[in-house]
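Please read the structure below before turning to the comments.
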Amino acid sequence: MTQMFPQGLPFMKMHGAGNDFVVIDSRGRGAVTTAALARAVGDRNRGVGFDQLAEIHDAEGADFALDFWNSDGSRAGACGNATRCVSDYMMRQLGRDAVTLITARGGLQAVRRADGLVSVNMGPPQRDWADVPLARAVDTDHLPLPGDPVAVGMGNPHCVFFVPDADAVDVTGEGRRFELDPLFPQKTNVEFASVIGPDRLRMRVWERGAGITLACGSGACATAVAAHLRGLTGRKVALELDGGVLEIDWRDDGVWMAGPVAHVFDAVLSPAFLAGLL
Ligand SMILES: N[C@H](CCC[C@H](N)C(=O)O)C(=O)O
């Protein structure tokens with residue numbers, strides 16, 4: 001398929017609070033991303049490097065559709081920060097302050113707030129063990145794992161730990177261990193959070209298929225939901241991540257997540273790089 005891109009394959013580099021993405025706009029043509037392409041582009045030395053690759057597609061009944069890939073070549077059912085970044089790009093292109101999109105989770109909406117932050121409704125949290133998904137029927141509010149974590153699905157699985165000091169956690173060691181725990185048949189993203197106040201949390205994250213990232217939107221949503229369920233915070237919280245602050249508001253219609261976005265550069269994957277990948 002390389003011959004389809006004799007001039008190479010254009011992409012955009014974006015980030016939301018330091019959660020970084022390669023975005024490929026495939027509207028008007030078929031999907032191009034494969035696991036091999038995601039792994040090659042995701043290699044920070046031999047490719048471009050990203051936490052997730054997002055591919056934009058045409059959609060029926062929405063402004064666009066989005067697919068997400070991790071840097072290890074696996075698929076992600078949700079990616080809140082990439083959704084905000086691509087929604088910003090689409091709102092600019094369409095000259096609007098609101099867009100609708102379709103992901104593996106279903107239909108979502110994103111808006112540009114009066115303060116300029118891009119906010120997305122990530123939908124209601126999934127609290128049933130089978131939806132997270134977990135391997136067996138357990139209490140999702142108190143998983144039978146050391147550290148008493150909470151399981152929350154946001155279109156992808158999250159395992160949220162509340163700890164006295166998130167900065168003291170060995171995120172790589174603990175994250176990798178719980179990512180691969182058999183309780184999570186599709187593995188899991190792992191969050192470590194500490195309470196700063198009734199409307200403020202500190203959070204660090206280990207992402208399934210990507211490792212430590214500077215921020216994780218769906219993880220921030222899952223953590224805010226878990227904190228409220230545990231009676232630690234209200235429904236509206238700011239989360240301090242390594243790459244910036246994300247604002248979460250758990251409303252009746254879903255979990256809204258707002259934060260900064262950046263469109264860093266546009267570039268092209270060369271035909272030589274693509275050879276054998278497409
Ligand atoms: N960074 C993303 C989440 C990626 C989740 C991915 N690692 C998975 O396999 O579920 C976000 O902003 O929501």
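Cβ coordinates are placed from backbone N, Cα and C, and glycine is handled just like the others.
What TrEMBL says about a protein is an automatic prediction, not a curated fact.
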**Prompt:** Asn70, Asn121: which one does TrEMBL list with Asn19, Gln52, Gly80, Asn81, Asn156, Asn189, Glu207, Arg208, Gly217, Ser218 for the substrate site?
**Reply:** Asn70
**Prompt:** What does DSSP assign Asn189 (substrate binding site), in three states?
**Reply:** strand
**Complete:** Counting Cβ atoms within 10 Å of each Cβ, the densest environment among the binding-site residues Asn19, Asn70, Asn81, Asn189, Ser218 belongs to Asn81
**Under 8 Å by Cβ from Cys79 (active site, proton donor), same chain, sequence gap 6 or more** = Phe21, Gln52, Ala54, Leu66, Phe68, Asn156, Gly217, Ser218
**Complete:** Once DSSP output is merged into helix, strand and coil, Arg208 (substrate binding site) belongs to coil
**Prompt:** Just the number: how many Å between the Cα atoms of Asn81 (substrate binding site) and Cys216 (active site, proton acceptor)?
**Reply:** 7
**Asked** Among Arg208, Cys216, all listed as recorded positions, which has the most CB atoms within 10 Å of its CB?
**Response** Cys216
